[in-house]
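J.: Questions regarding the structure given below will be posed in turn.
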Amino acid sequence: MGRGNLGGGFALLILVVSSIYQAAAIFHPISDSHRSAALDLFTPVHHGSFSSSLEEAYEALRTFEILGIIENKPDVGAATCHTVSETFRSTSSTSKDLYHASKVNSILKCDVDSKVFEGVVSRLQAAVSDAGSLLDFYYSIGSLVLIKDRTSKEDLHLVDAEGVFHSIKALSQSDGRWRYSSNNPESSTSAAGFALEALAGVVSLASSEIDQSMIGTTKSDILKLFDSIEKYDDGAFYFDEKVVDASDHQGPLSTTSSVVRGVMAFAAVASGSLNLPGDKILGLAKFFLGIGIPGDAKDFFNQVNSLACLESNRVSVPLILSLPATVLSLTKKTPLEVRVNTVLGSNAPPLSVNLVRASNSGSKGASIIENQELKFDPENAVYILDVLPKGVDVGKYVFVFEVVLHDSELKKVYVTGGQTQVPIFVTGVIKIDNAEVAVLDSDLGNIEIQKKLDLAGENAVSLSANHLEKLRLSFQLTTPLGHAFKPHQAILKLIHETKVEHIFMVGSSGKQFEIVLDFLGLIEKFFYFSGKYDMQLIVGDAVMENSFLQALGNVELDLPEPPEKAPRPPLPVDPYSRYGPKAEISHIFRSPEKRPAKELSLAFLGLTFLPFIGFLVGLLRLGANLKNFPTSAVPATFAILFQLGIAAVLLLYALFWLKLDLFTTLRTLGFLGAFLMFVGHRTLSHLAATSAKLKSA
Amino acid sequence: MAKVSIFKAVITLLLPLVCLSFSPEEPTDRRILVLVDDFSLKSSHSIFFNSLRSRGFLLDIKLAEDPALSLQRYGQYLYDALVLFSPSTDRFGGSLDLAAVLDFVDSGHDLIIAVDASASDLIKNIATECGVDFDEDPSTVVVDHGSYAVSESDGDHTLIVSNDFIRSDVMLGETEIQAPVLFEGIAHSLNAENSLVLKVLSASPSAYSADPSSKLSSPPTLIGSAISLVSVVQARNNARIMVTGSLAMFSNRLFRSGVQKAGSPNKYPKSGNEQFVTELSKWVFHERGHLKAVNVTHHKVGETDEPLSYRINDDLDFSVEIYEWSGKSWEPYVANDVQVQFYMMSPYVLKSLSTDQKGLYHASFKVPDVYGVFQFKVEYHKLGYTSISLSKQIPVRPFRHNEYERFITTAFPYYGASFTTMAGFFIFSFVYLYQK
């Protein structure tokens, strides 16, 4: 983080250059947004008390106290006070519990019996003399100090203040940091904060003056500690632990907060001044303000409490210069306002704010305003530069302010950080003139069609061109003061019907902006797509109040046919089209074979009976008879059986059609066939014998 | 003895974790690893983290270079989702690297990536693997002179507003986001070849990606609505990824900040960020839009049992129940675009299912007159929902020999002819044999 010790003027130059970037961060003091955030963050949870633990209750109450929120509802106070007196009475309370109880008590001023305090004090005195670790000292001494303040007992003293001072001091390290206990070799920066706060407590509890040499060495410890301070690019200073132990890493906020509390507590009790550099104190204030509004209750408390320490410290009170608005509009004639407050947002002592110089951030050096004092408006406590000087045009500027305290005595109390650089945007309406679009003949550049455009209003020109022609778009931009204006963004967009976009930067010479699209060279870029192209002109800049995206109309392009291997652009896909139901599919069934009408089939069925009927009629006409039927019993039986067999076979065929399957039919036919063979043979041989007898007879 | 008791203690400690973890029955994530560059993010983004905690997630916030980082132990993933709020990390600590993050996603876990202008190559590479390409030039941010947030201290127009949301209730909730979303960060574009990645929040047509402090020398690579501010991916394994170029979007500062779009008279006391981010995180962590299909049944019309096969031209009923996970329970899913396919190489029948509004979907259709091994397929892909892809195999056979039509009227003349001939033969046999 540190900026390296480059020598001499070169380092100074770098400082000047880099401080432009430094100035990018503007710090605002605590404001109402902090107050409303605090109300959101610290809400009573447990039946009117703030939290389960006194530590959290103290953090909430202390935050509210600092921010000046009248939130001490009686029920909150009563419930918490009850816990406090419980803690004081209980003999099993540790010194840490007592410490937090005393802290809460110092705010709520609970009604605790003085006898209870006496017991607590004697227990704490014993704890101090038995203390082995830094935190033991910290909590028990801290509690004693708070009880002393609360009960205004002048005779409350530490028994062996010098000895305690020595045993705490014994834990300190050569680099200004402290160890938590003698058997813990790791030194810590936050421990230094606790130690200093404990030492401050010892000093205020001492019955006689503590040895000045010891106070002196502690002061030099503090200075050594400040040597290890770290720095952000925006000018904020902070402390962090050297060894980052991931398991209980507290972060720079709590470390810095601990150190600030410790140093400021020590500075408050130690006689003589602590020669801490003012810019580091201001840097610490910037660090806490730069956090913004923490979302964590502990962080919020650490931030607000540390700022409160800085607000009323004996070393130097930081004053913060802030601007409610860094964007100034020329059209609205916004006045330049500057506020100077303490970190908690209260008013600063009488002082004047000078605008040392203001220069355009683009062209370094050329200063447009120099040494102008801002007018003080006591009603709103702001310093105002009413009218921007005539020469200020739209653009980005760096304004350098200087805070000068009126009373030279106050210069020792307050630290203002010298000159403050602030980036300022001056915005205004840019005048747009002579906008026109034209189609040019390629060879001679003769204008074929020319259309005027009104870039402030609606445009719907409709042009057509082929690949041998050119399209020219031109317009002029001038600042309110009549200078040429170059916007950051001046882009012509051509959008084909297929949503394929092409962008072109519009270049300028002076005020005149012009782009000429030679379609002959753009055929490939346009993927040989003929058709309608919508034209859009986008002109925008951070300081241009009338930045616009304007549809100009369209141009119908007639480009040659693409060759075979012309590349195709990736067509944009609509994400919604990938989803949604598909078209339904229903199966097309094979159509059944065409059949004649039922009646026709039945008519033919009738026709098939005709030969049979004709046969019967013929038999009757011919005089058919059955006279040859055997007459004797046995042959007649066989003949009957034979005829019945034939009838059975025919019936079997009918049944085969109606219901039987082939296997049953064949099996039955097998039996019937054998039977028919037998009876048929007997019948036929009988008939043959009869007819032979007749012939021979 | 001591070892056994330690083992028991470990088991009892781990058991609730195991039970709480992601499962198909309870698809919401439980354990989330948040990686940050700096613990101050805990405080500056606390509203987002607290909203996750209040929704029951167990957040584990760690530094990205924590040497003990690990996503899995003994082959089991320790987390259900990963939130990368560490844009400037060049190298993760522990066993975590690009491949480990991708494996994590490949095994169906969710990921949120938020970067800012300090985005490192590592984080950009992770995003690239997810189908999102951040602007390669590290000095660029999204600038929009057309739709920036009116602010008295930001003159760069890098704090932009957008309300060009994707139209999807399942991703952004049913309540419309009224106030526009504030965005401050870098641009990305979607990989055209990745069909799974979607733009959730797009920039306005006048936005472009450039370095606001230097003059534009060449046309910006990303411009207009090609710039995506927030994108999501739902992978084929239903892992969900959210990528955004603005870490500040999740911060308390922008959550609380009021918003007024330049040139618009509407002033909102609170930006849409909190609603947008909360709703989208509900989607990413599977509190919404997770579907399951159960009880796939089919049977012949008029029957209730599932047959082993169908004959061609059978009429059948198909039904399936679809439920949506609401974060706490499975609720009936109601839609009118669920379709079933009767599929063999290609769909023979594709029919929309009708719903009874209680999660039951039903369709009936005739089996086609083609036999073979078919499948009932439900392939349901809807924007924002997990996809349902289920299939059930069923053979279809032709008519059996005795199942064809037996008495065809058209054939009656043939039968008539046969039977009269037979009758004639019978009578003729009498006449022939016994005529005198």
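Backbone N, Cα and C define each Cβ position, glycine as well.
Sequence annotations record features per position, and here TrEMBL assigns domain 'Ribophorin II N-terminal' to A:30-311. Marked as domain 'Ribophorin II second' by TrEMBL: A:319-426. Feature annotation from TrEMBL assigns domain 'Ribophorin II third' to A:434-557. According to TrEMBL, the transmembrane segment annotation covers A:600-622, A:634-656, A:662-679.
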J.: With helix taken as DSSP H, G or I, strand as E or B and everything else coil, how many residues of the domain 'Ribophorin II second' (A:319-426) land in each class?
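T.: Tallying H, G and I as helix, E and B as strand, the rest coil: 4 helix, 60 strand, 44 coil.
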J.: Cβ under 8 Å, sequence separation of at least 6 from the ends of the transmembrane segment (A:600-622): give me the contacting residues as numbers and ranges.
T.: none
J.: State the non-local partners of the transmembrane segment (A:662-679) in its own chain: residues 6+ outside its ends, Cβ under 8 Å from one of its Cβ atoms.
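T.: Long-range Cβ neighbours of the transmembrane segment (A:662-679): 638, 641-642, 645-646, 648-649, 652-653, 655-656.
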J.: For the transmembrane segment (A:634-656), give me same-chain residues lying six or more residues beyond its boundaries with a C-beta closer than 8 angstroms to one of its C-beta atoms, as numbers and ranges.
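T.: Distal contacts: 662, 665, 668-669, 672-673, 675-676, 679-680, 682-683, 686.
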J.: Looking only at the domain 'Ribophorin II third' (A:434-557), what are its DSSP counts of helix, strand and coil residues?
T.: 4 helix, 75 strand, 45 coil
